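Report on one structure; see the data block that follows.
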Amino acid sequence: MNWFTKTFSSTVGRKIVMSITGLFLCSFLVVHLIGNLQLFKDDGGEAFNIYSHFMATNPIIRTMEIVLVLGFLFHIYDAIVLTRKNKAARPIGYADSRPQENSTWSSRNMGLLGTVILVFLIIHLWNFFVPARFGGLDGVVIENVEYDNLYLKVVQSFDIWWYVAIYVISMVALAYHLIHGFQSAFQSLGLDHKKYTPFIQKFGYAFSVIVCAGFAVIPLYFFFLK
Amino acid sequence: MAGSNPNAKPMDLTLKVWRQKNKDAAGQLVTYPVKGISPDMSFLEMMDVLNENLLRSGEDPIAFDHDCREGICGACSLHINGRPHGPERGTTTCQLHMRHFKDGDTITIEPWRAAAFPVHKDLVVDRSAFDRIQQAGGYVSVNTGGVPDANEIPIPKTIADKAFDAATCIQCGACVAACKNASAILFVSAKVSQLALLPQGKVERQTRVENMVAQMEIEGFGACSNTGACAAECPVGISLENINMLRREYISAKATSENF
């Protein structure tokens, strides 16, 4: 192994990868949410359909899509490697254990929360991304140009109660994942100082709640108000 | 007993203690009643009472680590009622007193649980993994010759304080015992920070963090999930700041050292 692979295969190094990919995925959430807010426009989905067409065809977005996939893959791969190492580090557990006395629930269950998010991601991609990118959506004409009607797919999907429930529950899991993950990512990079760490912690909490609430409101809005 | 409280009522307790003959044997929790425990006793004195009872009845006494019994040596361990060193914060098992328990309580006593800390016998675990990590880099080079003057090297007060705080680590292993991943990073980071902060530690600064982290990996400790359990359970209050300092040291060393 050379110095580079040695560095990033240590537990300290893998957590650096976890934190950089995690923060990158957080930036993706912001972009995704801002784009999705166009669903609230009362224009029969015109703005959203034009936007989703742009996202599916713009070369810069398509390149970033590859980076995004790599971000997910590295985050998930290192999570699996670290979880296996962590389990192996304590083959025999305690008969009596009171972790609630010394740590938060979300900090101890990042793997479980991450798995919920991964299952959600697969469902979500299968339902929206796959038809949007590889065909299977109805067409709609906006100002003499034909677009894929992804908006209609959104309306149809969020008319199903259990589908809405999956989304809301997954966003709660994501919120807990981020409440620990956001500030933890800065720690894993060694970015910790009493000058700014309290801000990062508060900002991370607000970020997690606002972003996830923003996503969760969309299916609820369509189910109850559309 | 000098200083004892004459009104303190003796307690009857039920102990569930991990018994394991040797490192290869399978262990189990065994239940023992103990009677007439004074609230003024330390937890280890209570264990001594139980062991005397066991000796009198011809049974093998329970093996547990202890040495100074005044909270400074780091020998005592014990996972008591689900927490390293028991329910009191900032307290080693030897400094934990029975007044923190009630008459009729059931107390579960287990050894530290980690692959890197194999159980020797009963409640005694082998913590020599810590020694090997320390040997990998937890030292400084000093010149032989005349004794240098005290305070010859100027060190800012804030830095000296931080280094001293890190140096209070007694290597008991409660951080490993508390961590859901059995990570040793609080211990390793205390040693790295203590020496990296001081001018005397600058010579080995880069190789120290690289070698100590490498040894920590070899010993089979888990990764740090930043749960903060280690610092919360640490009997001497080693801070999480040390872990983040270790990471800065690690990143800086990996980016700039001559080690390939």
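Positions of Cβ are set from backbone N, Cα and C atoms, glycine also.
Since we're looking at a predicted model, the values are computed, not measured.
Using a Cβ-Cβ cut-off under 8 Å and counting only residues 6 or more beyond its ends in the same chain, the transmembrane segment (A:16-40) has close neighbours at 8, 47-48, 51-52, 55, 67-68, 71-72, 74-75, 78-79, 82, 151, 154, 178, 181-182, 184-189, 207, 211, 214-215, 218, 221-222. Annotation comment: TrEMBL describes A:16-40 (among others) as transmembrane segment.
Marked as transmembrane segment by TrEMBL: A:60-80 (among others). Residues 14-15, 17-18, 21-22, 24-25, 28, 54, 110-111, 114, 118, 121 of the same chain lie 6+ residues outside the transmembrane segment (A:60-80) yet bring a C-beta within less than 8 angstroms of a C-beta in it.
For the transmembrane segment (A:110-129), same-chain residues at least 6 beyond its ends with a Cβ under 8 Å from one of its own Cβ atoms are 72, 76, 79, 83, 150, 153-154, 157, 166-167, 169-170, 173-174, 176-177, 180-181. The transmembrane segment feature in TrEMBL is assigned to A:110-129 (among others).
As annotated by TrEMBL, transmembrane segment applies to A:160-182 (among others). Cβ atoms under 8 Å from those of the transmembrane segment (A:160-182) belong to residues 22-23, 26, 104-107, 109-110, 113-114, 116-117, 119-120, 123, 200, 203-205, 207-209, 211-213, 215-216, 218-220, 222-223 of the same chain, restricted to positions at least 6 beyond its ends.
Look at TrEMBL and you will find A:203-224 (among others) tagged as transmembrane segment.
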